[in-house]
Amino acid sequence: MAKQFDLIIKNGAVLTSDGVGRYEIGIKDGKIIQLSPSIDSGLAKEVIDAEGGYVMPGGVDAHVHIAQDFTSGPKGVMGKCADDFLTGSRSAVCGGTTTIIAFAQQNRSDESLLKVVQNYHALSEKSGAYCDYGFHVIITRPEVQMLEKELPKLIEDWGITSCKLFMTYSSMQLSDNQLLDVMYETRKRFMTTMIHAENGDLISWLTNKLEQRGLVEPFYHAISRPPVVEMEATHRAIVLAEMIQNPVLFVHVGSASAAQIIRNAQTRGFPIYAETCPQYLHLTWDDLKRFHSPKCFENSKMICSPPPGPDDSDQEALWAGLRNGTFTIYSSDHCPFRYKDVHGKALGVLQHEQSLGSARCPVDQEHLSEILDDKTGHFKYVPNGCPGVETRLPLLFEYGLKTGRVSPERYVDLVSTAPAKLYGLYPIKGALIPGISDADLVIWYPNDALPSFKLTNANLHHNVDYTPYEGMEFGNWPRYTIVRGQIVWAEGELRASASVGKYLKRGTNQLATRPTNSIASDKRRVATWLYKA
Ligand SMILES: NC(=O)NCCC(=O)O
Ligand SMILES: [Zn+2]
């Protein structure tokens, strides 16, 4: 007789952003079809006993860099991502994430965003993926005609309803004028505008001054970007966004001062969304001196933009922001570069030597250890970014939920439900609604069932040769990850192939609130005349 369910999950503490309850979950054809206090095990082909552990919607990581080539154009992020869709999504599911949103990146030489997206999609189709995935688009050519023509197609044909704009990296940086041009177009189409807020000119100026003084080791990456660099750009972007009444999302917010500026705008009633990431809750400037000696080039492993805060006082403010709603979402900003790789962090040495005319030959993968062992290099040539798609959920579980810094409900909201809403995937993703939601789930170990362990990079499934969180203690980890009803990760083993993941067409921001009337009509801040017929 045909079974009513493909899979039943029994004895779990079912946790959503609304609360915790003892429910059993019935799954059929990739969907959740029943949630009730008890379901007869005989009705299912397969049963998982959660033994009292938390069962929650799968993680939605709205900020991952995968298969991105940053090499084109001078003074960009540099390097090439070490993870493709296969290895990046593999790492995601092994850490409890069932949906990722990656970046289709327009370079200045790309005349069509649609082409960019088609090419990027071909990469994901070629490698396959272990989890579902969608795309944001990075816009570096703010040409109004192109935007008018292509944005509607991106939305309708591809379900791409968000774009990322940069205020730094000269190969991607937009001027205020250009930011306004793009925001004016995205506003018309209810696209979510993501902003990387750092003052690129200030960074270049400080970098030159550091260079003149010979201060170029990895640590000085942070000194070239003190928190005020992020704070100024955040304030400026809010002024622009408010002027034309276009809600924006600040990605990877790393400093207390930027979080405060965002909080002020939210309190005024202007809809601003913000994201923070694990690196800003767990790292400080000291981590850029962590390896061997403060001058050791290995410290380049910790370079990301913006850098983490100078000390842990920023971290406390960011934890508060996660609790009080300043931060809407918590993402990884997984930006995977290998240390010993000619496309990775090693570029900090290789490009530096080339710029000095002292490049050693041959500069290839084989000779890299030899070259890196000399431990010289310049931070400005080091690709910016750290890996973290697999550690995102466990870190916030261990250091946020278990310590009481965030409630269990807030935890689910930050890692799954809010990103699903913000990026138009809810309630298919980020929820456990019978008959509606995909059966994307994470099941944790019951309390104290997993002996606590110190993380090492060998535990992880990305294609990167280090983790910034090496040695940190964990007492829990996703025990099962289920993507549309398929068990992809179980008790430390990958159980599926990369044919599970599907491309997701997304809707528009479901959190979007309109600015309050008083703020929308404040002629001191808003071009109120701009939208009058
Ligand atoms: N965040 C980071 O350091 N790398 C990723 C690229 C970017 O957004 O800056
Ligand atoms: Zn960024």
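Placed from the backbone N, Cα and C atoms, the Cβ positions cover glycine too.
According to TrEMBL, the domain 'Amidohydrolase-related' annotation covers 54-488. TrEMBL lists LYS164 with the feature N6-carboxylysine.
Within 10 Å of the C-beta of LYS164 (N6-carboxylysine) we count 21 further C-beta atoms, all protein chains included.
DSSP assigns LYS164 (N6-carboxylysine) to a strand segment in the three-state reduction. Over the domain 'Amidohydrolase-related' (54-488) the predicted model carries a mean pLDDT of 96.
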